[in-house]
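Here is the structure we will look at.
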């Protein structure tokens, strides 16, 4: 039904009246009266005009004009390479991507806190250099900007420890690879038709009755590259092709960068390895040849069921509303946010998406940076595809694949949206409304307490910055969450289609060691998700110490126990300083606190200001990679081997991973072991060898923390993995950072005063003011029952005000005592506040990538958005 027709139109015209809104300041007011309904703020008011960031956003991405100027400069500067702004066919040298090169932290801190100059602006450029013997992808730095006679282009080497700035690009010739794969599959069409009942369709790769072929390429050395190719049904109706693997595989030897030198070798079918296609053909002709069952598409891969009508589905579910507009403030131009003591900047990169910078709480520094570094998925199985499959999703682009969010579904209807831009292959592409910002009130309270004469409850409202990255089959919802007490959470939820394995149902195979059978010919294919975030904590300043505070059992003899108890079995706290860079695992029984303390700042009670790092909400402890010394990952993701890493902050180590590691895992451009290499974390101590440590380590440390899951999909993952079963997070909790809970000053809640003005007491004790008569009890009970009080009752209550006491700065009286501002009236609520008009959704087509040659493992670096 269209939005404007039938009952929907009637509903929109009548306007829903919801008695939840209104606004009043309740200083001394006893009860909530019901005024006339007020108007609804249907969308956040523009905040940029009345609110400005204190400083420019030095992490902000390039604008279109900046990117265009850089392209023009590089085409002139690299004229001898015949560089073009867009890819050509056959591939030449072209500029793949341009984005901001993040400034050094030391320069930014000088600018933010010491009156220093704004850091110079530079760009990071990826050159696809294809005319040399070994095609490569190479990083360069361009600056200072804007482009002028002073601008230069230099190899970007400083983040990598090895003097390199490029990796060999085995997938540089997308068109050539496509042609090779199609020709290979056509040459085997007799095999696939006989065994699978289908063949590839060159003219229509989305033919639902045809096949497509996905490779898993592995680089084992400079000239040793090979891949296993698996056939899939296209899954065109649902995009569920990763649920439709077919049980036939062929090996491609790709030692040469030119596809003309590639060959097809062994074939694998139903647990048997054949030397080549001809041997498989001969085996197919023999009596007793065992065939596998088909894995065909159908309604079982559909993500929607439009027909089911269980009881209750005929009514819409509850939703959250924001009747009076946002309580946060946003400078849209600088992407600067302020909310109940929190202040921070937002920026986005193509590889890793949204990051948060210069996080402060109540004016004090908490973090310099909180940002995604890498999202890894590592599979296991007994077939050539699953057995060695891994993905490093920053290569495909967590920011590049962050598409428009769905209002009212990805984010509440009242959320505010930001957009990002991509500068790739000579074009600027707008990714509209792909970041949302909103407040949300949890169904669980922030705090509560019931006493004899009172009940108090505080609402848990938090601020969320959200984006969703769809990388092939998986959708990652990434949240940065800010709480009223100063806590910060980074949370990832995964959904989308699993990457399944073919289930041959052959006793000679071992699928059940790697997953469950979840359809006729589909196995669930176990895998680890390990997703790394950089947390550059600056707790009350850059000089910090990392500590393990252990909760340990002990036996102690106390003098006050004597002579009856000689020794008491109890527990105590023991602090262990982390004195060297190291990787940590979450402790058994949660028996240790991982703390980052300020070196010199203390609260009012003499305790060092700190933040605790803890595995947060979701599916148990966040994991690290199960596989020890992964064969296919090599040294490309050593950060995945522990849960938390503590290292020194260095300007020349800005990231813990790099997207180009995916192309050369055994000799990665960025080797994390060169970052976490055991240097001293003792402040003031200088390591041998000098360098930037000559003056001694200053206490500026960085944590790399992992979220994710050990994912063993089951039948409930069909068709899509559910987010509440795949969520994980890490939280950063204030630990003696303030003198008491700071949320008391910003939370909204209520105290129900049952009698008198005290909270405490015990059963049977009289209230403190002596009021206990029947008339007083009836009046108080009536006040608690009724929101609408007559003016006579209000006057009567005012007359009793002398019996009340001032507690904590507000007047305590019988009835409801609100702190913060509650709703005081009803509201005319428009339909758009409950179900946004999705005709305003702007995206017409998204570049969701396949994770193979047919889609984008090759094509990600040659783009035609």
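The backbone N, Cα and C atoms fix where each Cβ goes, and this holds for glycine too.
In TrEMBL, the region 'Disordered' annotation falls on 754-808 of the listed ranges 754-808, 809-863. The Cβ neighbour count for residue 393 (active site, proton acceptor), using a 10 Å radius and every protein chain shown, is 26. Cα separation, residue 474 (2',4',5'-topaquinone) to residue 393 (active site, proton acceptor), rounded: 10 Å. Cβ neighbour count for residue 474 (2',4',5'-topaquinone): 24 (other Cβ atoms within 10 Å of its Cβ, all protein chains included). Secondary structure from DSSP puts residue 393 (active site, proton acceptor) in coil.
In the three-state DSSP reading, residue 474 (2',4',5'-topaquinone) counts as strand.
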